[in-house]
Number of protein chains: 2
Amino acid sequence: MSTAVPTSPKAGKGAGAEVGIALLGYGTVGQAVYRLLTENTEDFTHRIGGPVAVRGVAVSDASKPREGVDPSLLTEDAHALIARDDVDVVVEVIGGIDYPRELVLAALNNGKSVVTANKALVAAHSAELAEAADAAGVDLYFEAAVAAAIPVVGPLRRSLAGDKVKSVMGIVNGTTNFILDAMDSTGASYDDMLAEATRLGYAEADPTADVEGHDAASKAAILASLAFHTRVSYDDVYCEGISSITAEDIEAARTAGYVIKLLAVCERFTDDAGVEKVSARVHPTLVPRDHPLASVSKSFNAVFVEAEAAGRLMFYGNGAGGNPTASAVLGDLVGAARNKVHGGRAPGESTYANLPIAEFGDVRTRYHVDLHVEDRVGVLSEIASKFALNQISLSAVRQEEFNEGARLVVVTHEASENDLAATVDAVKQLPAVKSVNSVIRLEGE
Amino acid sequence: MSTAVPTSPKAGKGAGAEVGIALLGYGTVGQAVYRLLTENTEDFTHRIGGPVAVRGVAVSDASKPREGVDPSLLTEDAHALIARDDVDVVVEVIGGIDYPRELVLAALNNGKSVVTANKALVAAHSAELAEAADAAGVDLYFEAAVAAAIPVVGPLRRSLAGDKVKSVMGIVNGTTNFILDAMDSTGASYDDMLAEATRLGYAEADPTADVEGHDAASKAAILASLAFHTRVSYDDVYCEGISSITAEDIEAARTAGYVIKLLAVCERFTDDAGVEKVSARVHPTLVPRDHPLASVSKSFNAVFVEAEAAGRLMFYGNGAGGNPTASAVLGDLVGAARNKVHGGRAPGESTYANLPIAEFGDVRTRYHVDLHVEDRVGVLSEIASKFALNQISLSAVRQEEFNEGARLVVVTHEASENDLAATVDAVKQLPAVKSVNSVIRLEGE
């Protein structure tokens, strides 16, 4: 288990020394990074303590014309670029996992510090990358991997380094927030608002990674690892997307005073046996309308942190886009380059707490269960008894006429996923229950 | 003019080395710092890379019994404590200016890194302190000086180090936000809500520093300095408090769709002659009700940052109190102690941009002008002509019957302070104008 301790503090190159940059990738983010870096050279020189020079830009096809970049800098041989003696910091903004992993490892093993915006890579391979950075005594920065321009990694690593984080809840995917917010404000269906998001460029042609929560799950893994000083990887995150959320769910949420958000929820808790554990999960979540996360609209992101001494903090802003992502990448680049000039290292991976990751069935939250039932005497009592049998107490019950029967909405107090699942199974068996319309978790009260 | 470049990178003591702490002050914050530090020793050891030990706690009267601290650590001789060879980091949480200045300078000159929560000290003497830190090659941290637990200094210094900040607007004083929020939600008077704030412990016995904006002005100076890489001191900040805000002002704001907040506003702008300048000011401000700062209630703080690439960011949380302040102090302590163990320095003062500070009269904003006028034909035209004479265009006008006359509310487009002041003077001279009820600035649209 590695710790926050750098293994080999490095001497700097000395004030005024030039720092060589290799830029891997020239998509939207790469272009913004290159443009801002070359437009503001004097600012960067002052902030770093020496000039920066881009040694090369690795792309898949160097013959293709690229706007804004000196063509002589383009190369298809990323490995050769990384290996150059005059490259100190490698910026990876390619995306994907396998190829960038290979390049980032090559860079770290070569003694170059790395700045990456790649959440999928960091969430899948953090241990391997952190160990390579530690072995070489260099920095691995990834502020842009979570919520783009919003400083979250830095505050968790540094500002809260003297505190104990209890939970992190975030809206960390702009596409899904845009869709859910549009459904909430228009009453339209998921499919229509996904189409709108695609039309406006908020959703990709294949929106799976966003709408099924995979992108948010990568970010949840990164947030939980930082917050709890414990390695949490993508595979440890329970993940449920928003594609099954209906206009009726949104309407029911509104009636009950909630809004539905796709949240990444990371928690530290003590289980029944007194063992401290952590969990990370991503799922559609009911949030009270007066909670700060409820008013995060459109494609904005926000991360809500609760720490023992600090109390509740929220960080809000643009969670995607070329310029906002470049802002975070360039902040990291200044940090990495500064350390190359002046010596010292950024805080590395910190996994000393090494808390066990809870089984998802042991995670506790509250639930909003929406049922279609027969409209006759005794139904409520039959259903309520199933909740009681599993020791789940109810905080609210609402019944209304619906579709030749009744709609029954039950809001529970805190219960475990296992107990809730057993209850829903039992309720489904009841002859009086026509269907379970939805089960949505509830946070923030 | 000093730059961000540390003058002498220091080698670390080596992993595992003990870091000695001198704690100056044992009030609410000092007690929280001491308690959290001694309760979580193992966490701090892991996060720093070596154990921390509190060498002593300087207080004004060491014979007075103090809860929670080993009495043998108490001393009245702060200078002797600071000078000890086994002290590496000095934490200053005394408050005031002259005595802590003397101690912090002694510490820095002695090669100790300093963590302070003292906004008044940093805002009044940042240049002197930064030069002493640079000369000795040590760190000066002050995250807790602005908005306590909310990470603001770190994000401006590090996360946004690759971006250009355009403006920072913040609710950075909890006492005044509590009073204004209470006036807004109850309709009560300033005096009644100040009394309520005092009763609940949100306001001090002498509330002058809070309600007259002096505390917020210190924070504005610190924020502007960090944001614009320019030295802005307390004396450079225009400052107006909330004691003249009436229940009628709050009600008028509500009618027009605004809420009144005491804002610290720091801006970078280009003047008519094409010169880039900065300004920092604190005053009651109308904020549209749908602006993120409008919903910051009670004694919470929030800082809204606009940067060229990142766009709009907001940081929200507890801006005061023992534990939240201690959280920020301890985050800084981990950073300073880590550098003592592993070598390296935090980014120092960065003033390379050295932008001129605008004359307050040249600052441009919008205004909400509330007049009591005679109710007769031609009055509006007479008043409007005074605005037009000074090239101020109007965005909204509202007139209603009032007190044997009319109340006329004028909302302007952007205008300079000089032009607005000249207009108000001219308007006051009009026989038809009985009184100028209030002039309140407007931001956030």
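Note: Cβ is positioned from N, Cα and C throughout, glycine not excepted.
What TrEMBL lists as NADPH binding site is B:Lys119. Under a cutoff of 8 A between CB atoms, and with a sequence separation of 6+ in the same chain, the neighbours of B:Lys119 (NADPH binding site) are B:Phe142, B:Ala145, B:Val146, B:Asp215, B:Ser218, B:Lys219, B:Ile222. When secondary structure is read from DSSP and collapsed to three states, B:Lys119 (NADPH binding site) falls in the helix class.
Counting every protein chain shown, the Cβ of B:Glu204 (L-homoserine binding site) has 13 other Cβ atoms within 10 Å. If you look up TrEMBL, you'll see B:Glu204 marked as L-homoserine binding site.
Positions annotated as active site, proton donor by TrEMBL: B:Lys219. Cβ contacts within 10 Å of B:Lys219 (active site, proton donor), excluding its own Cβ and spanning all protein chains shown: 30.
Feature annotation from TrEMBL assigns domain 'ACT' to B:368-441.
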